[in-house]
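Visitor: In case it helps, Swiss-Prot gives these features for our protein:
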DOMAIN    27-330  domain 'Peptidase M60'
CARBOHYD  65  N-linked glycosylation site
CARBOHYD  265  N-linked glycosylation site
CARBOHYD  339  N-linked glycosylation site
CARBOHYD  349  N-linked glycosylation site
CARBOHYD  540  N-linked glycosylation site
CARBOHYD  594  N-linked glycosylation site
CARBOHYD  595  N-linked glycosylation site
CARBOHYD  642  N-linked glycosylation site
CARBOHYD  683  N-linked glycosylation site
CARBOHYD  698  N-linked glycosylation site
């Protein structure tokens, strides 16, 4: 008997490659519609006359044991004769990666064969199908349940007949749809965007008595290692086997050398159990708790207290860290964002290494989880390789500061007597663990308040006394004051939580700041990033100021990558000023799992006493802990670096070959063999200086917040060229203010009410506009244009424009936008004089021309102002009746005294 099978193509989205197994990409196949008894002979061929497909057509003879199955590759249109010794069900794989094509496969079956019962969901009554299957001599049947296709083996026939197929359909489809949603995949029949899902995808389920383990997810199907489907027919929120194996379809690259194999997919499993279960079931039945939450929390507590390397934690201990990461509001957006980032990366350039996983999660989150990660012993790397194959600084903490991220931390470390059952303070939001992560805003409801003293330890209190400080929860300022005359900060009525402290950083001296609990008090998450933990009961803090003299941008560093995928492993800082070498280890696996071969070794030798210090990284390092390893180094010490793999150690801009290289620590720089100190160190510092200035340009909010990077840039610029003003805009306020001009144009209307404020700060490339709420208009006596503001870029295009007739109502607005050198400002005021004022650095400029038209051009640091059009691309008119002009001279507005704004 003859059969023809038309095989469609599986169109891949741009982020998915042929040969990759994610999201069931190679699971689709079409049944021939028969069951072949053992030793049945048949002929098969593929029709290659249809142009387009370029790969062999694959026919599979499937049953319930891989050892008795067969794969047949059809490479041409010639008939192939086949005889198979075992009962089987023939299928033809879809053509993966092809577009606008399909294959036709012909079968000629000589011997007896049995029709395969097939059910396509919702196309006929289920009972009709079950009746057909029950009466059929076939032990096999095949189900199309939308997002899952299932080859049911003889051993599961009775079980399937007892199953509610509608519930089975809902079970599988809800799992896969939810996993798709967690990863941010979007249905798209054209599959041509970075977030496109796989069109017409479906998981293929079968039995495999010869399979590994208890069950597995493979490139072509997922299966229990059994002759029957077992749990694959069990509909239950506790069916961990099924939700676990389906989760493997979404591992992507997140399990490669990350110690997250069998963790990443299970974090999705935990999320669907979180969705399915109520509060009681979540505690009793969820796999992460299993009615033993207090005991599991105690295990985590012991691991933290003992500083156990996270990579050595148990399977479910590592998993539960993701439970608490994803529990908060917007926690799941972290998962969606990191998946989107992966797809962007895979679409652009799959050869560029992915970021270290903890950095990747940190930069994908809406909240700041860095302190939480440090608590459990993982350290996000602060560097990554961008799409141009260049090592780039993340600046994780400054990025979080610029984005106004709130800091999440386990509630048990904030309210130290909190207990989910016995003392939960009647908190309204759902919490399921004493380790759930909270922010200060969520703890206001507790009405717990503290008065906290921050003791400032500084060599020169005059640098900070009387200076303002503030405490922030994300973008919200919750407290502000000034440093008291005793040199301390006093926080009054602050609730529990982790805040960001914006502390004064000195005046004409620069400091590095370190924040921690006072001595002998419970351990504070000590840090240099101003994360302030206010506990209940509360404890005082110590803020230590250490003089900052030599910029970190003058410190050379090396970047160590993994052997196979170039994952980020460590940063090595060579600091000749402090005479230290510091290794920041971010990944304890540099190569093959469980391999103890030497990967990297650093030997520091003291030339004066002959002593040496050694730091070693093996391919796998289960006894090492992520974090910082610091070594003291004297001048003229030799630093021998030994690499087992070429091209995996980057020092400055040089990629080391395999073998040994020896560096020498000189007074102001570290040099390779046969090189001597020269001016190249300044050139490297200048290059880093410009990179970090560009970072501040991208995160311009940091230009208005005192922070360590601005200190670092100031110190580096003084080292490179003290006379240059190239980086003045990035300086700390104390050094920048004398160069800063703030221009405020104030428009007034009838009754001298303020209509509009236009403020321009050329040095910061900033313009802001505040528009008042004047319902009757600026001046009801005028029915013509009363005032106008217009800014244009260097090409004459309008950047901002606003105008009103005298009787035209005004509603409140606030605008903030960037302006640059060469931009022009055109102002019109129907009644000039006192109705239009210019205030420079809070001082009224009395020399502003008293004309209806005012023109100005923005320069790097100032405004050039006049009452006539200014040459060099300035637009000459606002196109209104402006009255007479007196041809006033153009002048530069200057100020004799700087007043901070």
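Placement of Cβ uses the backbone N, Cα and C atoms for every residue, glycine included.
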Visitor: Based on DSSP, name the secondary structure state of residue 642 (N-linked glycosylation site): helix, strand or coil.
Guide: strand
Visitor: How far is it from residue 540 (N-linked glycosylation site) to residue 683 (N-linked glycosylation site), counting Cα to Cα, in Å?
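Guide: About 44 Å separate the Cα atoms of these two residues.
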Visitor: Quick one: pull the CA-CA distance for residue 349 (N-linked glycosylation site) versus residue 595 (N-linked glycosylation site), whole Å only.
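Guide: Taking the Cα atoms only, residue 349 (N-linked glycosylation site) lies 29 Å from residue 595 (N-linked glycosylation site).
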Visitor: To the nearest whole angstrom, what is the C-alpha distance linking residue 594 (N-linked glycosylation site) and residue 698 (N-linked glycosylation site)?
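Guide: That comes out at 42 Å between the alpha carbons.
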Visitor: Of the glycosylation sites 65, 339, 595, 642, 698, which one has its Cα closest to the Cα of residue 683 (N-linked glycosylation site)?
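Guide: It is 698, whose Cα lies nearest.
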Visitor: Starting from the Cβ of residue 339 (N-linked glycosylation site), draw a 10 Å sphere and report how many other Cβ atoms land inside it.
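Guide: There are 20 of them.
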Visitor: Report the nearest neighbour of residue 595 (N-linked glycosylation site) in space among the glycosylation sites 65, 265, 642, 698, comparing Cα positions.
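Guide: Ranked by Cα distance from residue 595 (N-linked glycosylation site), first place goes to 642.
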Visitor: What's the number of neighbouring CB atoms sitting within 10 A of the CB on residue 698 (N-linked glycosylation site)?
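Guide: Result for residue 698 (N-linked glycosylation site): 11 other Cβ atoms within 10 Å.
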Visitor: How big is the gap, in Å, between the Cα of residue 339 (N-linked glycosylation site) and that of residue 265 (N-linked glycosylation site), rounded to a whole number?
Guide: 13
Visitor: Cα-Cα, whole number of Å: residue 642 (N-linked glycosylation site) versus residue 265 (N-linked glycosylation site)?
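Guide: If we compare the Cα positions of residue 642 (N-linked glycosylation site) and residue 265 (N-linked glycosylation site), the gap is 37 Å.
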Visitor: Over the span of the domain 'Peptidase M60' (27-330), how high is the average pLDDT in this prediction?
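Guide: The predicted confidence over the domain 'Peptidase M60' (27-330), as a mean pLDDT, is 95.
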Visitor: Pick out which of the glycosylation sites 65, 265, 540, 594, 683 has the most other Cβ atoms within 10 Å of its own Cβ.
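Guide: The residue with the most neighbouring Cβ atoms within 10 Å is 265.
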Visitor: Check the glycosylation sites 349, 595, 642 for other C-beta atoms within 10 angstroms of each C-beta and report the one with the most.
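Guide: Most Cβ neighbours within 10 Å: 642.
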Visitor: In whole Å, note down how far the CA of residue 698 (N-linked glycosylation site) lies from the CA of residue 65 (N-linked glycosylation site).
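Guide: A Cα-Cα distance of 57 Å.
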Visitor: Round to a whole number and give the Cα-to-Cα distance in Å for the pair residue 698 (N-linked glycosylation site) and residue 265 (N-linked glycosylation site).
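Guide: The Cα atom of residue 698 (N-linked glycosylation site) is 35 Å away from the Cα atom of residue 265 (N-linked glycosylation site).
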